[in-house]
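First up is the structure itself, then whatever we jot down about it.
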């Protein structure tokens, strides 16, 4: 079994785990969510490596700054120590807000991947569709976590994404695809970190053990 196949199988198992959710405790829900968010970050890293294997030098010059990511306006903890000070319901809202913010961008990436000017476009196309499917599964799982936590706050931030094209020429499209993916990879790491803090708190571990 290849690395990609193992990753796909692991994520598929986790997705199935969210289907039969009745009677599952909060600790187990957060464990499943943390595992899935970890797989998503691994998949986005693998995709980035695929793109980097044949990325034009001019693309590095054309790449927008990270501050141009559409989620950069969201005020979030910068590290684990800060995240440990954020209330549980607020931390969950941040993770859910980031997931929702990637619904449209991932749909755009999924629609563009198969026509990229890149020799690995078939692999990139397949992995991008996996990302889109799996982030939807994680979003559904976090809805169950929200309900299980009996939170009174459902304050989700709106992070609009108004782009419907990656560009007209092949280089621009490849650069913008890479840029969006780099933004997602950054955000998937944040989501993974937030969920691991929530999992640690649910297990009543000491902060220094998280």
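Glycine residues also receive a Cβ, built from the backbone N, Cα and C atoms like all the rest.
According to DSSP, residue 183 (disulfide bond) sits within a helical segment. Summarising the annotation, Swiss-Prot assigns disulfide bond to 69-183 (among others).
Here the Cβ of residue 200 (disulfide bond) has 19 other Cβ atoms within 10 Å, regardless of which shown protein chain they belong to. Residues or ranges marked as disulfide bond by Swiss-Prot on the basis of similarity to another entry: 200-210 (among others).
Positions annotated as signal peptide by Swiss-Prot, on the basis of similarity to another entry: 1-23.
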Problem - Distance, residue 183 (disulfide bond) to residue 210 (disulfide bond) (CA atoms, angstrom) - result: 25
Fill in the blank from the handout: Counting Cβ atoms within 10 Å of each Cβ, the densest environment among the disulfide-bonded residues 69, 210 belongs to 69
Exercise for the section: With H, G and I counted as helix, E and B as strand and the rest as coil, say where DSSP puts residue 200 (disulfide bond). Expected result: helix
Exercise for the section: Measuring CB to CB from residue 183 (disulfide bond), give everything in the same chain under 8 Å that is also at least six residues away in sequence. Expected result: 66, 69, 70, 71, 105
